[in-house]
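Participant: Questions regarding the structure given below will be posed in turn.
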Amino acid sequence: MVILGAPGSGKGTISSRIVRDFGLTHLASGDILRSHILNKTELGTTAQGYMKEGKLVPDDLMVDLIASELAGLKGTSWLLDGFPRTKPQAQALHQHQQLDMVLNLEVPDEVIIERIKGRWIHLPSGRTYHTEFKPPKVAGVDDVTGEALVQREDDRAESVSQRLKLYATNTNPVKDFYAQLGILQAFHGTESNEIWPRVHRFLQNHIPALSGPF
């Protein structure tokens, strides 16, 4: 199973709940890449070479990384997060592994922008706040140290908007590809707690639930 969702769509939250309630093995493409690099595998070393040159890891190499991981999970139900990101990646992955289902989280861009632009961080500790959902006791100040909070460049409204446009450009062909295969299931909403019960009900028709939804 693959899960798709724009940055800030709640994909991480939904993924963690799927793993918790259905016992799937969670595979994050970024974690797989880092693991291969850390363990100095042949694929990891090759990928690191591209990264050191400031280049994107080629599609075929990323597919090989993911496919090698999936090959060790035969007979195990898994959830792939963060891959594929482009149609060529989806097509290549399909040659290695035919998916049962692809979950797609559809959250309006304006909701995501409002959600992300409210994030502020205390850089030395990594503590995060949100102006609406988790505000600091004093606006703009870390609760523990009293030091100033900052907003990451990627969290500014303009940056978020650009990221969402890029995501749509890359991912809409991926969604079309899986829709044509008849395995794409979309879930619309504005927050994870609204979307999650629908995801849970859908998955219950295909996978025995261990618990939930909560």
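Here the Cβ of each residue, glycine as well, is placed from N, Cα and C on the backbone.
Just so you know, TrEMBL annotations are computer predictions that nobody has curated.
Feature table excerpt (TrEMBL):
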BINDING   G8, S9, G10, K11, G12, T13, R119, S192  GTP binding site
BINDING   S29, R34, K55, L56, V57, G82, F83, P84, R85, Q89, R152, R163  AMP binding site
DOMAIN    119-154  domain 'Adenylate kinase active site lid'
REGION    28-57  region 'NMPbind'
REGION    118-155  region 'LID'
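Quick one: how deep are these features, and who are their neighbours?
Facilitator: Cβ neighbours within 10 Å of S192 (GTP binding site), excluding its own Cβ and spanning all shown chains: 18.
Counting only same-chain residues 6+ beyond the ends of the domain 'Adenylate kinase active site lid' (119-154), those with a CB under 8 A from a CB of the stretch are 160, 163.
With a threshold of 8 Å between CB atoms, the same-chain residues lying at least 6 positions outside the region 'NMPbind' (28-57) that come near it are 64-66, 68-69, 80-83.
Across the region 'LID' (118-155), the prediction's mean pLDDT works out to 91.
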Participant: How many whole Å apart are the CA atoms of T13 (GTP binding site) and S29 (AMP binding site)?
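Facilitator: Cα to Cα, T13 (GTP binding site) and S29 (AMP binding site) are separated by 16 Å.
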Participant: For the recorded GTP site formed by G8, S9, G10, K11, G12, T13, R119, S192, name the remaining residues of the chain with Cβ within 8 Å of the site's Cβ center, in chain order.
Facilitator: G5, I14, L105, R115
Participant: With the cut-off set at 10 Å between Cβ atoms, which of these binding-site residues ends up with the most neighbours? Options: K55, R85, R119, R152.
Facilitator: R119
Participant: CA-CA, which of the binding-site residues S29, V57, R85, R152 lies nearest S9 (GTP binding site)?
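Facilitator: Its closest listed neighbour, by Cα, is R85.
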Participant: Closest of the binding-site residues to K11 (GTP binding site), Cα to Cα, picking from K55, V57, R85, R152?
Facilitator: R85
